[in-house]
Amino acid sequence: LQMPAGPRSQLEVITGENDPDKSQRRGGIVCLTVDAPSAHAAGEPQPPRWRTYEYFLYYFVFIIAFSWMVYIPIEVSSKTLPNYDLYRHRLAKGWLPGSEVDNSDAQYRSFRTNLPALAALMAAFFALKYAYTRPILRDSSPTNNLHRIPFYLIFSLLMLTVLHGASIIKVLVILSANYGLAKATGGTRLAVPVTWLFNGGVLVANEWYGGYAFASLHSGFTFLDSWRGVYPRWHVSFNITMLRLVSFSIDYHWACNHIGIADPGGALTDKKRAAVYHPRATYTFGNYLAYALYAPLYIAGPILTFNDFMWQLSRPIEIAQRATARYAVRFLIGLLTMETLIHVMYVVAIKDAHAWSGMTPAQLSMVGFWNLIFVWLKLLLPWRFFRLWALVDGLDPPENMVRCMANNYSALGFWRAWHRSYNLWIVRYLYIPLGGTKRLAATSIVVFTFVALWHDLSTRLLAWGWLAALFILPEVAARKAFPPSLFGDKWWYRHACAAGGVGNVLLMMGANLVGFVLGVDGAQYFAHELIGSWAGIRFLFGACACLFVGVQLMFEYREEELRRGIQRRC
């Protein structure tokens, strides 16, 4: 019952209709999870277990375990321990006198340092937008927001000039070439392979040549290399832009062949905005540039499809100001949580310095766990900042992080909730066209290989991608062998699912430790220390018992969502 096999594709993310009663979301414990479009709830939820003796026992174990999980990384970050000298050079001065902060992660340090500048850029965007649109709105009452496209274009080009300097020329050349290919091949059998070959080749070439140098073309262009902008590594953020180029090209190709849904008229749901194609006249160069370079989402996403972007401009959706304000509060709470974490737990510096000599299995595991929490937060914060910017502008891109990293027991559900807009993109343009569930194993390997190489051309992430593909197979097999339709009414079924959830959690943590924290060698050392001694094995059994309790709480949390008409499928 807790791990149902959905009728749609196994990797499909939540893309259902808007909730008929938004008020159902706002009460009780389920309001801790961010609002996201909900699929229709299937079946009747179970009676609440929150006040049963079984769950009172779970609360007791959870409080003890969580307190211990917080204490251990704070303890190993103590200045009095000998390992402190191995990583102290990676720490910076903290907010409070005499305090230190683990600001050693380059990706988060960049966002943290530039957050005031990004806030100023956001303020400039809305000030200039107001100056541009005020005369238009004063002289007429447009029924859509297509009049904003010239402003989006001008502001984005100015922003890219400041960010990338002369490299804006490279960006525009690539975008123009992709547009030309899309227009030349749209509606033909060449469209899809040409789109993938061109954009895949650009990503590889960007990485291979380090963003290119003008001097390599001609010595007379050397002076352009000195105009670098404030963010010269344009090719790093171009990975996100590439997704938009593919979206435009394939959406145009499908529109030429009338693949998808014809415009039914009226308001469109979030799912239909992507599926309903536009008239071919909509796929112009100006609209394409405005979409590909849309300032709020340019740097890091979330990712909107071209169809969705244009529908939200031509048929504006209503975004409640209170909902946007609540989302801003969520962002600030996340930022405060991250600042607290890096001021009291130096797990990133410990990991980077390999300063774990002499640690117990429990200490080593908590360094790994909190590094994963750090990865979740460092991605969540910029994604929510840029989504907030778009929401204030009146566009609603998908929420990238639906659940906390630690609130996942299903490998399939985890990938529906993690980087959700990318998952939606993968499902639409790669997973379903390759066959979806009809070729689940082969398609999953191709998908995760692409995802790994899209992130970085490295063996570490390639290993992560293959592990991630491999680790979803046990869950798929278990769902087919023990479907809830046959066993859901058995007393032992929920507990068996919880045991399976524990296995999923261990596999997912292992794959992500390889890909984003420790690498292959570090993960091998971690596994050896964990299962290479009786102390490690005893800890592993105790950790599995705590995870079992955690998964049971996750089950009941999702049951509570069902009671309120929410089915997130993750």
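Placement of Cβ uses the backbone N, Cα and C atoms for every residue, glycine included.
Note that this is a predicted model, so its numbers are computed, not measured.
The region 'Disordered' annotation in TrEMBL covers 1-25.
Long-range contacts of the transmembrane segment (56-74) within the same chain: residues 344-345, 347, 362-363, 366-367, 369-370, 545-546, 549-550, 552-553, each at least 6 residues beyond the stretch ends and with a Cβ under 8 Å from a Cβ of the stretch. Annotation source TrEMBL lists transmembrane segment at 56-74 (among others).
The transmembrane segment annotation in TrEMBL covers 115-132 (among others).
The transmembrane segment annotation in TrEMBL covers 152-175 (among others). Residues 121, 125, 128-129, 202, 211-212, 214, 224-225, 227-232, 234, 238, 241, 245, 286, 288-290, 292-295, 298 of the same chain lie 6 or more positions beyond the ends of the transmembrane segment (152-175) yet place their CB under 8 Å from a CB of it.
Residues annotated as transmembrane segment in TrEMBL: 288-306 (among others).
Taken from TrEMBL, the feature transmembrane segment covers 327-350 (among others). Listed by sequence, the residues of this chain that lie at least six past the ends of the transmembrane segment (327-350) yet keep a Cβ under 8 A from its Cβ atoms are 34, 73-74, 76-77, 83, 87, 90-91, 94-96, 99-105, 108, 356, 366-367, 370-371, 373-374, 377-378, 380-381, 384-385, 387-388, 391.
Feature annotation from TrEMBL assigns transmembrane segment to 362-381 (among others).
Per TrEMBL, transmembrane segment is recorded for 429-455 (among others).
According to TrEMBL, the transmembrane segment annotation covers 461-478 (among others).
As annotated by TrEMBL, transmembrane segment applies to 498-519 (among others).
According to TrEMBL, the transmembrane segment annotation covers 531-555 (among others).
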**Asked** Is the count of Cβ pairs under 8 Å between the transmembrane segment (362-381) and the transmembrane segment (115-132), pairs 6 or more apart in sequence, 3 or more?
**Response** no
**Tertiary contacts of the transmembrane segment (288-306) (same chain, 6+ residues out, Cβ under 8 Å)** = 121-122, 125, 149, 152-153, 155-157, 159-160, 175, 179, 237, 240-241, 243-245, 247-248, 251-252, 273-274, 312, 382-383, 386-387, 389-390, 393, 395, 397-400, 420-422, 424-425, 428
